[in-house]
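Enquirer: My questions will all concern the structure given below.
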Amino acid sequence: MEGGFTGGDEYQKHFLPRDYLATYYSFDGSPSPEAEILKFNLECLHKTFGPGGLQGDTLIDIGSGPTIYQVLAACESFRDITLSDFTDRNREELEKWLKKEPGAYDWTPVVKFACELEGNSGRWEEKEEKLRAAVKRVLKCDVHLGNPLAPAVLPPADCVLTLLAMECACCSLDAYRTALCNLASLLKPCGHLVTTVTLQISSYMVGKREFSCVALEKEEVEQAVLDAGFDIEQLLQNPQSYSVTNAASSGVCFIVARKKPRP
């Protein structure tokens, strides 16, 4: 990319939530790679947090962006959810939806699909209210900090969730590995990390602006998770690639990993 890796300042100035949502989260029933990847993530999250799946008191979502789909399943099994993002605009977009403000993004089709997976698409309004009640705070985050939520300090969580964010925030494999260790510090021993990573992607488009990513191989992601002190319990790869990323992408990788207990 021209000008080097897209850093935090560029995100703060130029990342427009509505352009991002229009590109990746239009869920109107028409087939698209973006819709297929969203369905894949929702299905994986349903299996992960649904009956017999992960549960606990506290969940922290790192790099939420302007989206809430990633915690639709988790709000059934976690009573205290933290959303977080680096940019002010994304956090403002989240607050708009949480407070039901005029002009908030309409997640109804996505919420209905999530409810369908749970066997009752008719309870979508109840689901939205349940999620709003479960989200206790929206914080700034920076995965490059030892405490990614600084200056806020939260008790160690039962689960950390991060979808499609780490590869965009990290400029190298080393930075990604360090950031995973930072996320691990937010977890209780035996807590879980749930993550989706886009593989072999060097950039993506938001509106007319290009943002860079670190191009990661599945094996590199897997090893980084292990080296950050986790045991991998589940790893699924979907070969579907986004339509507005570089052609080399080999799809997305969904991982559930358990933090090792202290020796």
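Each Cβ is built from the backbone N, Cα and C atoms, and glycine gets one as well.
Positions annotated as S-adenosyl-L-methionine binding site by TrEMBL: Y20, Y25, G63, S64, Y69, D85, N90, D142, V143.
Describe each of these features in terms of where it is and what it packs against.
Expert: Long-range C-beta contacts of V143 (S-adenosyl-L-methionine binding site), restricted to its own chain and to partners at least six residues apart, with a cutoff below 8 Å, comprise I62, G63, T162, A165, M166, A169, C170, A179, N182, L183.
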Enquirer: Return the maximum Cα to Cα distance in Å (whole number) over the record's S-adenosyl-L-methionine-binding residues: Y20, Y25, G63, S64, Y69, D85, N90, D142, V143.
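Expert: 24 Å is the greatest Cα spacing among the residues binding S-adenosyl-L-methionine.
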Enquirer: Does anything in the same chain, at least 6 positions from Y69 (S-adenosyl-L-methionine binding site), have a Cβ under 8 Å from its Cβ, and if so what?
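Expert: The answer is Y25, L38, N41, L42, W107, V110, A114.
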Enquirer: Which one, from the binding-site residues Y20, G63, N90, has the smallest tally of other C-beta atoms lying within 10 Å of its C-beta?
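Expert: Y20, out of the binding-site residues Y20, G63, N90, has the fewest neighbouring Cβ atoms within 10 Å.
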